[in-house]
Ligand SMILES: Nc1ncnc2c1ncn2[C@@H]1O[C@H](COP(=O)(O)OP(=O)(O)OP(=O)(O)O)[C@@H](O)[C@H]1O
């Protein structure tokens, strides 16, 4: 009998698109105090206008309002973007969670891999969305609390074990945030699947363990202030929840993975006031985000070759972007005119990501026997041997 573990793709579902959401954060204090000009106008729940014409003030010449535009000013782009949902500056993490990730929980229990990632420039609100704070926990916490609370409802049918890992990619090195003394981790590729060798998975049984793990990991995350953000995350952080479900009656095993990814923010060296080591960090962040952008473009165009190998980040996200994964992207933007280029770039990326299709399949382990199944097999073999003994003697 072949005892090797294989992943069987069961019940192939049709190609699914990456769901893309945009969240516009409120003005920061600094932005509010410096003649706050909006570059994003939310039109309705799904549409926003970038660089809207409506805000254009009348142009006066010699005290007379002119019909044409002021040629000294850049023409407004007035670009309409449509997404799965757009959140305005008053939206709460609860609302974002309800609309973006809540529906993924059922998929995780069906055996699908799911990913949520926050994208955007430095200071645009990614960490606020993913982690939040004590008064407004982020979507990582809210999703996993909901996932754990679901365990009770299925415990009669399944034996479920849940564990978590937390890693960061900092300056192209992968580190285990929950075990910071462990050596730098290496990526391995097996049959097209990328794994992080040596990454440890800690069990989580209740929301309190989860909260402790998240806090422990965040304390170890590389953070440094930049001019754009006093607590800027300088690494890409990937928090993963690993779920193993064994159907009690049949012994069938389903494995799934929920990845919550807080990307480091793209930035312009001048805007962030960086030099030396900070500049090197910034270059590495931009390099990996450029690689991510290239992968998004290749996937959106349906190209055969997707350059995942160009950075550690894209290798780790390979499954989340182009593989067997249900993916949600939350693009965070600032509404302030000072972030014009960053916001425009983020919206363009997010718009491209809408075209990505992924092929979903459940992760069901075959050829793996549970202990009760082994016991039954031993019994069957014993009975057969006993019959032979009767014949021989
Ligand atoms: N929706 C929001 N409501 C209220 N405050 C917000 C919101 N989004 C972001 N902020 C605040 O804006 C600041 C920057 O946000 P955050 O740290 O989440 O940015 P970031 O995109 O993670 O930046 P970086 O890439 O530099 O880590 C923080 O002080 C955060 O509390």
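Just so you know, glycine gets a Cβ as well, placed from its N, Cα and C.
Keep in mind that TrEMBL annotations are predicted by a computer and have not been checked by a curator.
As given in TrEMBL:
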- 17-356: domain 'Kinesin motor' (DOMAIN)
- 120, 121, 122, 123, 124, 125, 126, 127: ATP binding site (BINDING)
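Feature map: annotations from TrEMBL on the structure.
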| residue | record | CB count, 10 Å |
| --- | --- | --- |
| 120 | ATP binding site | 28 |
| 121 | ATP binding site | 26 |
| 122 | ATP binding site | 24 |
| 123 | ATP binding site | 28 |
| 124 | ATP binding site | 27 |
| 125 | ATP binding site | 24 |
| 126 | ATP binding site | 28 |
| 127 | ATP binding site | 25 |
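Confidence over the domain 'Kinesin motor' (17-356), given as mean pLDDT on the 0 to 100 scale, stands at 85. According to DSSP, residue 120 (ATP binding site) is assigned to a strand segment.
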